[in-house]
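Pasting a structure below so you can have a look.
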Amino acid sequence: MAPIKVTKICCIGAGYVGGPTCAVIALRCPHITVTIVDLNQDRVDAWNSEDFKLPIYEPGLEDVVRQARGRNLFFSTDVDKGIKEADLIFVSVNTPTKKTGVGAGFGADLHYVELATRRIAAVADSSKIVVEKSTVPCRTAESMRTILEANSKNHCRFDILSNPEFLAEGTAISDLFKPDRVLIGSLQTEEGLEACRALADVYANWVPQERILTVGLWSSELSKLAANAMLAQRISSINALSAICEATGANIDEVAHAVGCDSRVGPKFLKASVGFGGSCFQKDILNLVYLSESLHLPEVAAYWRQVVEMNEYQKRRFSKRVVDTLFNTITGKRIAVLGFAFKADTGDTRESASITLIRDFVAERANVHVYDPKVEEEQIWMDLTEAMPQLPAETIKKQVTLCSSALEACKDAEAVVIATEWKEFTLIDWETVYANMKKPAFVFDGRLLVDAKKLKEIGFKVTVIGRGNGL
Ligand SMILES: NC(=O)C1=CN([C@@H]2O[C@H](COP(=O)(O)OP(=O)(O)OC[C@H]3O[C@@H](n4cnc5c(N)ncnc54)[C@H](O)[C@@H]3O)[C@@H](O)[C@H]2O)C=CC1
Ligand SMILES: O=C(O)[C@H]1O[C@H](OP(=O)(O)OP(=O)(O)OC[C@H]2O[C@@H](n3ccc(=O)[nH]c3=O)[C@H](O)[C@@H]2O)[C@H](O)[C@@H](O)[C@@H]1O
């Protein structure tokens with residue numbers, strides 16, 4: 001068969017993955033035209049905005065978009081045109097956990113993937129390589145192929161590839177510039193391997209050959225779920241140990257360092273925290289749990305489910321420690337929560353531990369003062385109303401105040417809770433914070449961020465995750 005050369009790429013879905021990933025492809029491959037399409041007009045308008053007020057915050061992203069937009073990078077709501085013109089199409093739509101029906105609460109909602117696939121089938125009038133970029137359950141490519149083949153016109157060929165994305169938010173651009181690996185899964189047929197080579201050639205414009213891994217379709221799909229499950233499992237493991245540290249007087253940072261020095265374990269992803277958040281860890285593990293159950297592997301399902309349960313326990317445990325320490329009641333007390341994003345360097349709040357903490361504090365009838373350097377106010381209100389459906393919005397607004405700086409949030413507070421590891425929280429002037437707080441002044445560090453000894457010297461009562469009360 002004739003070699004395929006990719007010259008036009010379309011990406012369906014201009015979100016946290018589709019946007020940065022395809023912007024970097026456009027930057028690194030000036031000879032390829034990249035069009036990112038989305039049904040969401042506001043999102044596309046933001047990507048196209050003259051002042052580069054992009055819909056997502058990601059360090060380095062604006063620079064990439066500034067260089068490539070209008071040259072060979074385009075954003076549009078014309079999904080059909082994007083599909084028609086492309087020879088390779090990334091499907092990078094959302095795959096949230098199902099809310100209702102079979103598999104509710106566990107399985108992936110593949111509705112958006114299916115709609116995008118059906119759209120490709122409906123409008124494509126020439127052969128395409130269709131690439132699953134979204135994280136999907138094992139064997140989703142088969143369903144996509146069935147839909148495409150059943151609807152294909154003009155004898156169009158569709159080759160399906162799996163090319164999961166491993167970027168982390170906050171470091172997306174550097175992850176994309178220098179990925180640990182690019183994974184491409186294909187059918188092991190002549191056509192499948194040729195499609196795989198064509199996509200590998202795109203990445204080869206900037207990724208060293210040895211980092212481009214080519215495997216079977218099902219291995220590729222499963223590897224993405226496995227990677228996220230194993231990363232989250234490390235956090236739940238260290239968080240489980242943090243509870244033992246608090247009860248025994250061991251120090252979780254010292255334990256993590258000692259364990260991570262073993263080259264077989266490695267030092268990364270062993271930072272104890274108030275719990276992992278983000279749009280994917282929980283969703284992908286639940287997806288793996290559902291897959292295991294469907295395959296009649298209940299022990300495997302129970303094993304992975306425990307990673308999520310431990311995370312829920314960690315968040316609950318932390319809120320309880322706040323209440324217990326504040327003399328068993330926080331009713332009417334002012335609590336400053338520093339950080340609303342699920343991690344530093346992103347404005348994303350999906351599954352953020354901060355939401356759970358604030359919900360718990362509001363349930364205890366505390367007055368919560370929140371500050372985050374990047375998250376939009378509107379987003380915070382949306383997340384809190386969704387997290388507390390039983391409370392009228394006015395009640396939430398009575399108990400929660402949004403602040404424009406850490407100092408403002410901490411003023412007159414009885415306790416400060418650090419929920420996100422923003423760098424600016426390491427630079428807080430704690431002397432001033434202390435002077436402006438009610439006494440005794442408490443600090444609860446859910447991110448191992450503060451110098452506990454120094455804060456104690458100032459006069460704070462300090463509680464740190466993974467350390468006993470004696471610190
Ligand atoms: N957020 C992350 O850091 C990572 C996410 N992933 C996976 O990538 C996928 C996408 O995630 P995000 O980019 O975070 O989601 P997102 O929600 O930010 O973006 C998805 C976009 O797809 C659009 N969309 C949905 N259906 C469409 C259709 N039929 N036609 C056109 N546009 C459509 C939505 O309007 C939305 O803008 C998910 O499967 C996720 O699990 C993978 C690695 C990292
Ligand atoms: O599929 C995805 O969506 C992505 O999920 C994660 O990326 P992300 O969720 O953006 O961010 P992480 O850096 O993994 O952090 C996830 C959560 O774990 C927490 N975390 C991380 C590391 C750690 O040691 N301790 C810890 O509590 C973070 O604060 C955050 O709340 C993975 O790291 C990416 O490889 C993957 O592509």
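Using N, Cα and C of the backbone, Cβ positions are placed for all residues, glycine too.
As listed in TrEMBL for this protein:
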ACT_SITE  Cys280  active site, nucleophile
BINDING   13-18, Asp38, Arg43, 93-97, 134-135, Glu169, 280-283, Arg350  NAD(+) binding site
BINDING   165-169, 224-228, Arg264, 271-277, 342-343, Arg447  substrate binding site
DOMAIN    336-452  domain 'UDP-glucose/GDP-mannose dehydrogenase C-terminal'
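Show me how these features fit into the structure around them.
Counting only same-chain residues at least 6 apart in sequence, those with a Cβ under 8 Å from the Cβ of Cys280 (active site, nucleophile) are Thr135, Asn228.
When Cβ atoms from all protein chains are considered, those within 10 Å of Asp38 (NAD(+) binding site) total 24, not counting its own.
The DSSP secondary structure for Leu225 (substrate binding site) is helix. Around Leu225 (substrate binding site), the same-chain residues six or more apart in sequence whose CB sits under 8 Å from its CB are Thr135, Pro137, Cys138, Asp284, Ile285, Asn287, Leu288, Leu291, listed in sequence order.
Helix, strand and coil counts from DSSP across the domain 'UDP-glucose/GDP-mannose dehydrogenase C-terminal' (336-452) read 47 helix, 19 strand, 51 coil.
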Over the domain 'UDP-glucose/GDP-mannose dehydrogenase C-terminal' (336-452), work out the mean pLDDT and round it to an integer.
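The average pLDDT of the model in the domain 'UDP-glucose/GDP-mannose dehydrogenase C-terminal' (336-452) works out to 97.
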Taking the binding-site residues one at a time (Asn94, Thr97, Gln282), which has its Cβ surrounded by the most other Cβ atoms within 10 Å?
Gln282
Mind running the recorded positions Ala272, Cys280, Phe342 against ligand 1 and keeping the ones whose CB falls under 6 Å of it?
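So the answer is Cys280.
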Of Gly275, Cys280, Phe342, which recorded positions come close to ligand 2, meaning Cβ under 6 Å from one of its atoms?
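With ligand 2 as the reference and 6 Å as the Cβ limit, the list reads Cys280, Phe342.
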Cα-Cα separation of Gln282 (NAD(+) binding site) and Gly275 (substrate binding site), in Å?
11
At the level of the C-alpha atoms, what whole-angstrom distance separates Gly275 (substrate binding site) and Asn94 (NAD(+) binding site)?
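Here the two Cα atoms lie 23 Å apart.
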